Structures are given as C-alpha cells and as structure tokens.
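To start, the structure itself, in structure tokens.
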Amino acid sequence: MSSARKLPGVCRAVRFRHFRSRSVSRTSPNLAFVPACLPPDPMEVEELQRFVSNSKRLFVMTGAGISTESGIPDYRSEGVGLYARTDRRPIQHAEFVRSASARQRYWARNFVGWPQFSSHQPNTAHLVLRDWEKLGKLHWLVTQNVDALHTKAGSQRMTELHGCTHRVFCLACGDQILRSELQEHFEALNPTWKAEAFGVAPDGDVFLTDEQVHNFQVPACRKCGGILKPDVTFFGDTVSREKVNFVHERLAESDSMLVAGSSMQVYSGYRFALAAREKQLPIAILNIGPTRVDHFASLKLNSRCGELLPLIVARDPTS
C-alpha cells in the first residue's frame with residue numbers, strides 16, 4: 001500500500017529492520033506478569049476459528065497483554081500489573097517537558113532498565129500475527145505497545161500507535177537517534193554512576209529513589225542542545241491527527257476487528273473499536289479480564305494470547 005510510505009509515524013517500524021529477528025524460536029512463555037486464567041475452552045476456540053475464517057481483511061489491535069508473555073509487565077492486569085503491585089504511576093507528558101528533574105529521574109530509571117527491556121523477544125502470539133500477515137489474512141496491525149516486539153517478529157503492515165521506545169528524538173529540532181545509541185552517550189557521561197533497581201515498570205524503566213538519580217547526567221541533543229525524549233506518546237499527550245486518520249483509513253478497508261491483549265481503557269485505541277461498531281464490523285476480544293468493548297463485541301474470549309492464537313488455522317483468503 002503506497003500510502004503507508006507517506007506517513008513517517010507508520011513506516012518507522014520498517015526502517016529499523018536490524019531489530020527484527022529472522023529466527024525467533026517459539027520458547028516457553030514467561031508468565032510472571034500474566035494474570036491467572038483457565039485454558040482455552042474448545043467451544044471458544046471453535047468460535048474464534050469461525051471468526052478468523054470468515055474474515056478476509058482482518059484489522060488487529062494489540063495491547064500490553066500480548067507482551068506480558070514475553071516478560072514485560074503491564075499497567076492494569078489484576079494482581080500482577082503495575083497499578084496492582086505498586087502505587088507508582090507513569091510519567092506525564094507535561095511533567096517530562098517542563099521539569100529537568102523529572103527528565104533526569106526518567107532517564108536514570110530508563111538507563112538502568114534498558115539492557116533488560118531491549119532484550120525481550122517476541123512470543124508465540126507476535127509470531128502468529130506475523131504469519132497471518134504473510135498469508136494475507138491480517139490486513140493491518142495497530143499496536144498500542146512501545147516495545148518493538150511486533151517489529152522484531154517481522155510484522156510490516158503495522159502502525160505503532162503510541163510510538164516506540166527504541167527511538168529517541170529532539171523536542172526542538174526533531175533530530176532522531178536510536179535508543180541504543182543514546183545508551184552509549186549515557187555511559188560516557190556517567191562512567192562511575194551505578195544504581196540497584198527496585199522492581200521493573202512496563203515501559204522499560206525501573207524503580208529508583210530520588211537519592212539514587214541525583215547525580216545522573218542527561219545528554220542534550222547533539223545538533224541543537226535541545227531536550228531528548230523517547231519517541232512515544234506519554235500519558236497526557238495525544239496521538240497525531242495524521243496517524244489517527246491513517247489508522248481510520250486502514251480500518252475502513254477491513255471487514256472485521258480483533259483486539260488482542262488490551263482492556264481498551266485508553267481512548268486513543270478505544271476510538272477505533274467505536275469506529276468499527278459504527279461500521280457494523282464484527283469485533284472479537286481476546287483478553288484476560290473485562291474490557292471497555294465487551295458490551296458491544298461479537299465475541300469475548302478470556303485466554304492468554306500466546307495460548308489461544310496458535311490454535312487458530314489461518315488460510316490465504318484469496319485461495
């Protein structure tokens with residue numbers, strides 16, 4: 001689709017292909033941050049199979065629940081999400097922009113957490129969706145996640161709705177660098193700085209005390225001296241109108257919608273479920289726990305994405 005190449009926010013995932021693993025093995029899932037649930041019910045498997053089989057141009061939206069099986073915690077899961085485990089909350093966009101101390105705290109925590117966060121690999125669910133794309137079953141994938149796992153899995157027909165932590169840009173001049181490159185700058189500026197982490201947060205950072213981050217040095221943009229920010233939509237910020245319109249166009253080309261691993265509590269993603277309902281598209285939900293879309297979904301399944309999706313047989317809709 002040629003229109004995809006006209007939108008920077010959509011084709012960035014294609015640019016950093018070196019993140020993509022060509023031989024990702026289907027390893028055992030990491031269930032430390034996955035809520036308890038029963039194995040898939042055979043009747044539910046049949047229902048989802050029927051839903052996918054009837055779909056010719058499937059629009060898929062994923063959320064944090066698809067990446068918990070890769071060992072990345074989410075915010076809202078009952079008992080194991082960040083909100084359930086701690087009283088900590090993610091940084092707000094306005095706080096990051098206006099406060100140098102907030103940026104110092106954010107980047108210090110992110111610096112410590114980056115080696116582990118960037119090493120996470122796609123799980124079976126990511127690989128299944130990649131395969132559906134190759135078969136022509138999946139028309140477009142929209143992820144609310146910022147972890148690059150869909151890109152690592154090999155997905156290409158994709159929009160990263162909230163951006164990606166593997167990219168960093170300057171708020172002043174817009175210059176963009178890889179997060180891995182910034183890690184080297186951090187190391188050069190802080191050769192003797194060390195900190196022990198107290199727990200892991202969903203978006204790549206860890207828990208540190210104010211005392212620990214006090215002497216951490218944060219680099220400025222090398223081109224203009226401006227503020228560096230991860231290329232993600234922080235809480236309190238909005239997704240660009242250009243990107244939202246692009247996703248609406250892809251949804252308009254689709255004949256059904258599957259939500260995988262998301263409670264759809266955030267409006268930036270929920271709006272597309274509302275649009276799908278308005279277009280009278282069938283909607284299937286695969287998520288452990290209730291979602292904002294349950295009351296108008298055609299099908300609701302309470303299972304792990306990595307356990308149920310591999311049971312579904314997808315075929316080329318044109319064959």
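Each residue, glycine too, has its Cβ placed from N, Cα and C.
Database features, via TrEMBL:
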DOMAIN    38-319  domain 'Deacetylase sirtuin-type'
BINDING   63-83, 144-147, 261-263, 287-289, Cys305  NAD(+) binding site
ACT_SITE  His162  active site, proton acceptor
BINDING   Cys170, Cys173, Cys221, Cys224  Zn(2+) binding site
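The CA atom of Gly63 (NAD(+) binding site) is located 27 Å away from the CA atom of Cys170 (Zn(2+) binding site). Among the binding-site residues Gly63, Gly71, the residue whose Cβ has the fewest other Cβ atoms within 10 Å is Gly71. Counting Cβ atoms from all protein chains shown, Cys170 (Zn(2+) binding site) has 19 others lying within 10 Å of its own Cβ. Each residue in Leu171, Ala172, Gly174, Asp175, Ala220, Arg222, Lys223, Gly225, Gly226, Leu228 lies on the same chain as Cys170, Cys173, Cys221, Cys224 and has a C-beta within 8 Å of the C-beta centroid of that Zn(2+) site, without being one of the site residues.
Cα spacing between Gly71 (NAD(+) binding site) and Cys224 (Zn(2+) binding site): 37 Å, rounded to the nearest whole number. Separating the Cα atoms of Cys170 (Zn(2+) binding site) and Asp147 (NAD(+) binding site) is a whole-number distance of 20 Å. Cys173 (Zn(2+) binding site) counts 12 other C-beta atoms within 10 Å of its own C-beta, drawing on all protein chains shown. Across the structure, Cys221 (Zn(2+) binding site) and His162 (active site, proton acceptor) place their CA atoms 22 angstrom apart. Here the C-alpha separation of Cys173 (Zn(2+) binding site) and Asn287 (NAD(+) binding site) works out to 40 Å. Using CA atoms as reference points, the recorded positions Ser67, Asp147, His162 were checked against Cys224 (Zn(2+) binding site), and the closest is His162. Cα of Asp147 (NAD(+) binding site) to Cα of His162 (active site, proton acceptor): a span of 10 Å. Over all protein chains present, the Cβ of Cys221 (Zn(2+) binding site) has 19 other Cβ atoms lying within 10 Å. For Asn287 (NAD(+) binding site), the same-chain residues that are 6 or more apart in sequence and have a Cβ closer than 8 Å to its Cβ are Gly63, Gly65, Val259, Ala260, Gly261, Ser262, Ser263, Lys300, Leu301, Asn302. Counting Cβ atoms from all protein chains shown, His162 (active site, proton acceptor) has 23 others lying within 10 Å of its own Cβ. The average pLDDT for the domain 'Deacetylase sirtuin-type' (38-319) in the predicted structure is 92.
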